[in-house]
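K.L.:
Sharing a structure, written as structure tokens. Questions coming.
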Amino acid sequence: MISLSLVLLLLFGVRCFDSAGQINDDSPLFISTSIDNSMNLKILVEKKPYFTGSVTGYKLYYTNDSSQTNEEYEKWMHQEALSNQNSYNFVIDANKHEIVSGDVYRVRATVFFNNVESVPTGVISINTRQSIPKAPLIVNTKILYNSSVLISFVPADDVNAIENYTLMYKQMEAEEWKSLNFKSDFDGKVLLDGLIPNHTYEIKIFVTGGIVQGTPSNLATFTTNSTALALVKTEPDEEYTADPQTNEPLSITCTVKSVSKASVLWKVNGIKVSVDSSFYTVVTSVHEDFIESTIRAKSRTRSAKFTCLATNDAGDSSKEVNVIIKGPGSPPSEITLVAEKRGYTISWKPPSHPNGKITKYVVYHTLNREDPLSDWRKIDLDGSEKMVRIIMDTEESFYGRVQAATELGPGIISDIVAMERDTQPISVESDLFGVSATTMVVNPRETLSIQCTARGKPRPSISVAISDRKNASQVEVDVWSRLQATSSAGIVSAVHNFSVLTSKFVHCRAKNSAGSNYSTMELKVDKPGDAPTQIQVLSVNALDALVVWHSPQFPNSPITSYIVLVSNDDKEDKSTWLQYESNAKETQINRMLLPTGNLEKSTEYFVCVRAKNAAGIGPTSSLISFITLNGGPDSPPDNLKVLINEANQVIVYWNTPNSTTEVTGYLIYYTRDLSLSNDDYKNWQFVEMNNNSTRYKFDLSVGLKPKTFYRVRISGKNSHADGPASEVVEFETAYSEVPIPTDLKTEVLDDNTIHIKFNAVRDPDDHSKALGEYRIDLAATDDVLHALWKQIEPKSIKIDEISSMVDVEIDGDSVEKNQMYWVKVTARLDNPSWGMHSSKPRWFRTGHGKLMTSVTLEGAPLIEKEPNLFEELSVTCTGMGSPAPIITWEWMNKSIENGTEGWNILNIQIDDTTVVSKITRNNIRESGDLTCLANNNEGSSSASVEIRVLGPGNPPENIILTAYRNQINVTWQESTLPNGDIMKYIVYYSENENDDLSDWNKFETAELETYVETFGPHTKHFIRVQAVSDRGPGIISNVLSCISDVLYETIHLEIVASNILDFEAEPNQNVEIRCKGTGKPQPELFYQFANETEQNFVEVETNDMDLFEAKAPEINSRRNVTVTCRASNKYENVTISKVIIIKRPGEAPTNISWSFEEEYDSTLYINWNPIENANGEKLEYNLYLSNYKTKVSGPPVKIPDIPLDVNISLRVSAENEYGEGEKTFPIWIPTPNGGPKTAPILSSLHAQDSKVYIFWVEPRLPNGEIQNYTIYIQKENESENEEHSIDKEWKKFIYGSNITHVIIGVDDGLEENERYQMKMTATNQRHEGPETKVYTFDLISFDENDVIDNFTAIVINSTVFVEVGNPIYTKYNIYIREDGNNQTVKHEIDVESGKTTFEFPFQLDHTLSYTIKMSGMKLGRESPPSEEIDLEFISSPSPTPIISGSRRKVIKEPPL
């Protein structure tokens, strides 16, 4: 009971206890519980085998009310069952009791012996919380050198990959476990450190953190630091130094010696080398006493730290080799050469493999490609430089190369970049197996062949690279492999064979001195690229073998499942192997229970694994083998015990083996021979027994020696083989057996007749003879210690000669009813010297002594009938009891009421103890159990008969007929009375309802729907359906009818273009489209152009051949356009599409712009918007420049050597591989005149003493040699409305190119007191250049006559009146200042010419004194001011003055 309670506690959160908290061993019942997925509680009660008496029923008490105590169990809810079996299953229904997760139920149970209830079991608590998580699986323990261990495990199927775990560990000899809590990852690994060196530990893992602790994993053991680390040596040893070299590989060899199994891997700069690396390859060979692994670099171009890592049971050991490349391993990248006026510019970027800090760059250049490099000119530059300009006047070919260097040395020199006259642009194409595409799907490890084809001049070389990078220009230089190429008719081609494990980009590169070009193809690998690794078979039993493996390194898309293949012949084709599929996990390690039940016993089997994803199945792993078991029990009996009973007999007890195979019997091995070892138990003496008991008594027939030490062990067996033996138990026999009856069992019959059974006692003087006389003593008491024994004469004593079992019968009248008795038995011996020895007392309880209620059914327990709506079912039941019982009937556990559902019951009482009941039913349609129940005051009894109907009891339901096309669809639902498993349906159909059913057409189907081919359109059809189960055919349905629909013919549709061939049209050409076809009923027609809204045809023509046709509006397009026709009727919706192919370019280029190079007039730049509809793969553009035509790849375009000072016409068209497209309208372009590009730069302009001084510098872009400068001067117009003067009014002053400043004055024709405008130009040997902007200057001057010296000023009220004696100005500036203050107020006055007086308003303080002065304005310049005079205040008014405009502002003057 203790072990059972522990199991229940672990599995279901269940505990078993009595009111005192102890397990109740007095109950005659075992009790166990379980919970199904629907939360139903299932309770199994079993009578303990050593309790005797007739079982008459069971009772289950249960409650979820925590307020009720365990002692009040009789007030709990309960279920009672009548049964004479030794076990019974109770079910507490979850729906009825509304059981939910988290409920806690307590249960107890009792058994009825002879209708007397026993003491209850202990209390079991059932918590309906979640079930316990399954156990993880420890796969591997990797011992590390620092007394730590890396543990790999696989999580159970019912937990997530990321979960909380507890790791329990202890030393083997220790009692106490230690724990480590951790959270798992997808790799399923955990590190346990802090262990003691050279000690053996055992570990287990289980899920924690939830409501219920998980099931512990398998135990794993390991010993820390029991193995030495592997010895690792490398060649070269620690450092390797070499010059960079692209055509020589680099190899490093690692030799590993280990006392245990070891594995080797390489790392470069700390990163593990992948098997699909495009630069590194690793070759490893395993020898008898060492492992040799070599890593090979494709070229000697990369400095790196190489690490050889060896792993064995002791941990990891490694050796590093530092590879130093003395200089950059690749040339500078992205080198470009640009031709400019008077030279070339070379630019570059740093090398991809600098192998240190770049300290300088060396640029080589020459005009003769064939010169040796030593004759090329050389330019040394700092490491920070990224370009250089080389001045050179020649227009011949130019060649350059660039090299980088570090402080360790120079690097790889670049290929030649060139600017040559006779070159042809490079084009390159690639195809795989003759197919050219941007993306192709390939299989992993498939041998692929790519052909690279190139054109160009000079002849290009061809290289190939397989990389993860999509951009070919970004692929590392040393990854490219140059191919052996062949040339024919200007076409260079090369072929490269390779394979890939995962998706890659394969690049073809064509390269010559003029540049390079690339062709790229993406290779998509969808299937798994490699096989699962590290296959292991961890355990094997009779049912299954546990296989674990690691996921593939290159899954390429999520792994959905794994396929495990098994065979006992590793040479057999894999297609014939047994295959088992298991779902994939997200973890690194996966597992599967491989069924072994059908495999041959004791046979070696081979296992391999394949990964599978959505794209297909990957390659097969390496093989691993295991040997199946012999078929016998796969575990030994446990808990073996040896006891000596009261008769000094040896009794052996054990537990049944926990075996996955059947145990049919046991072999009990025993010996007293000390020369035979425990492992040699097969040579011990043994006895055999069957599997109906786990107890064996060594009686005198075995012949054990008295007072002797024996060893015993037990193994299970079955028809295949013997199982492993148990542990060895030693025992010592007694001096002799005592003649005492043992193993008493009692049985009380209904009339209180008592049977006492036990093994016969052997005559101690003659062991071959069994004693036949016994004395029986009874005591009617509950207290055996104070019992008053009374000898009873038995009614009879019988001995079974075969089994030596004694059966003593005692008359029921000699005992009291309903009384507890104790019994003991004593053998009567002929030899009194042995004495009188009684058995152990045994208790039993008598019954009431009355006739038990019982029922019997006439006939067999199974009645089989074919379904019939008109045949009657009849069953007769006889009930007996005291008094005569009342008989009722149940159908499928539900009470039957007389006269309902076709049932009729007739009861006849024969006498006081017997009743006969006959039940009938008016049809035979339903299978089930029919039960007869008899009840009276003394008890109840029941008997059942199974009614098995041989076919469905009703026809399929909800039969629906639907006329559709040229058939009638028939659907239905399953019969509600299937009477077994429905296997098929029979469909009958006919044109004539009155035909005999045998004349109807019929067919069979397993589905719930089918169809019947019609006899013709608009025809009435009659249909019936019948279900057939695994027992036979059922009731056929009634007749249903349906009229078939109109005639149906499949729609066939096509699209025709009447004015073009093969659906190829010119750009913007009008195309006539017609849709036509056949089909019934006649469909409605629709058309659609590209993504426009679908339209229906207004007119549809038909002819006698049932052909329909419709014409769509004309369509034109500049690109490929899809034309769609759709025909739709009540049955079909058919759509077809065809593409009108536009091959030539769809339109002319637009938005054309042009410009000339700022520095060189003869270079023309043309740009335009690329066309939208190329309609081809190879698009070029035609330029028509007057009478000149050229092809270009696209805008912008640079055209040198354009003639100067002329008008040229420009037209542009697009052209693809199918032809030329539309040209643009002509554009007239005036070319530059060749003069300076910019005007002279005026540095100074000022006038003084009737002269103007002009300084300038040469134009920024003279566009040649300056010949002279021209200065233009004219008077500034006085009126704003006057038009600008014409060029002939400008005075020209021409000076030589060596003049940069001039002085122009009155002597040169300029006039004093005038304002002038000035501009200038420069002229080179070809033409005059652009003008500067227009500047202004004047030659105005003032003398003493220009100073105002005769004026007066007075103030009247708030107005100032001024009178000028000699007015020479029309604009005046008047300055008014307060005495003693330097702040002056300025007024600007405009007056008419010759006017002598004017006034302006001004607020002044009459208590203060003010002064006033004046100046005049001439041609925008102010004259010298007059002298200051006092401002006079007059209080009397004066005549009204003339008002003139005045502007006043405060100005700041310095003090006098």
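Don't overthink the numbers, they just go from 1 along the chain as shown.
Using N, Cα and C of the backbone, Cβ positions are placed for all residues, glycine too.
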K.L.:
Name the cysteine that pairs with Cys308 in a disulphide bond per Swiss-Prot, restricting the answer to Cys254, Cys452.
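P.N.:
Partner cysteine, according to Swiss-Prot: Cys254.
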K.L.:
How long is the line from the C-alpha of Asn1357 (N-linked glycosylation site) to the C-alpha of Asn1091 (N-linked glycosylation site), rounded to the nearest angstrom?
P.N.:
89
K.L.:
What are the sequence-distant neighbours of Cys254 (disulfide bond), meaning same chain, six or more residues apart, C-beta distance under 8 angstroms?
P.N.:
Val232, Lys233, Thr234, Val264, Trp266, Glu292, Ser293, Thr294, Ile295, Cys308, Ala310, Lys319
K.L.:
Listing them in sequence order, which of the recorded positions Asn497, Asn658, Cys877, Asn1091, Asn1133 have their Cα within 10 Å of that of Asn1298 (N-linked glycosylation site)?
P.N.:
none
K.L.:
Give me the Cα-Cα distance between Asn225 (N-linked glycosylation site) and Asn658 (N-linked glycosylation site), rounded to a whole Å.
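P.N.:
Cα to Cα, Asn225 (N-linked glycosylation site) and Asn658 (N-linked glycosylation site) are separated by 35 Å.
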K.L.:
Given the recorded positions Asn497, Cys932, Asn1120, Asn1133, Asn1151, which one's Cα is the least distant from that of Asn1091 (N-linked glycosylation site)?
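P.N.:
Checked the recorded positions Asn497, Cys932, Asn1120, Asn1133, Asn1151; minimum Cα distance to Asn1091 (N-linked glycosylation site) goes to Asn1120.
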K.L.:
Suppose we draw a 10 Å sphere around the Cβ of Asn1133 (N-linked glycosylation site). How many other Cβ atoms does it contain, all chains included?
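P.N.:
Counting Cβ neighbours of Asn1133 (N-linked glycosylation site) within 10 Å gives 13.
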K.L.:
What are the DSSP helix, strand and coil residue counts for the domain 'Fibronectin type-III 6' (737-846)?
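P.N.:
Output for the domain 'Fibronectin type-III 6' (737-846) reads 9 helix, 49 strand, 52 coil.
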K.L.:
Would you identify the secondary structure of Asn497 (N-linked glycosylation site) according to DSSP, in three states?
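P.N.:
Assignment for Asn497 (N-linked glycosylation site) reads strand.
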K.L.:
If you measure Asn64 (N-linked glycosylation site) to Cys932 (disulfide bond) at Cα, how many Å is it?
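P.N.:
Between the alpha carbons of Asn64 (N-linked glycosylation site) and Cys932 (disulfide bond) there are 34 Å.
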K.L.:
Could you round the CA separation between Asn658 (N-linked glycosylation site) and Cys877 (disulfide bond) to a whole angstrom and send it over?
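P.N.:
About 45 Å separate the Cα atoms of these two residues.
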K.L.:
Tally every other Cβ atom lying within 10 Å of the Cβ atom of Asn1357 (N-linked glycosylation site).
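P.N.:
I get 14 for this one.
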K.L.:
I need the least crowded one of these glycosylation sites (Asn64, Asn225), counting other C-beta atoms within 10 angstroms of each C-beta.
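P.N.:
Each of the glycosylation sites Asn64, Asn225 was scored; lowest Cβ tally within 10 Å is Asn64.
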K.L.:
Of Asn692, Cys877, Asn1133, Asn1151, which recorded positions are close to Asn497 (N-linked glycosylation site), meaning a Cα within 10 Å of its Cα?
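P.N.:
Close recorded positions: none.
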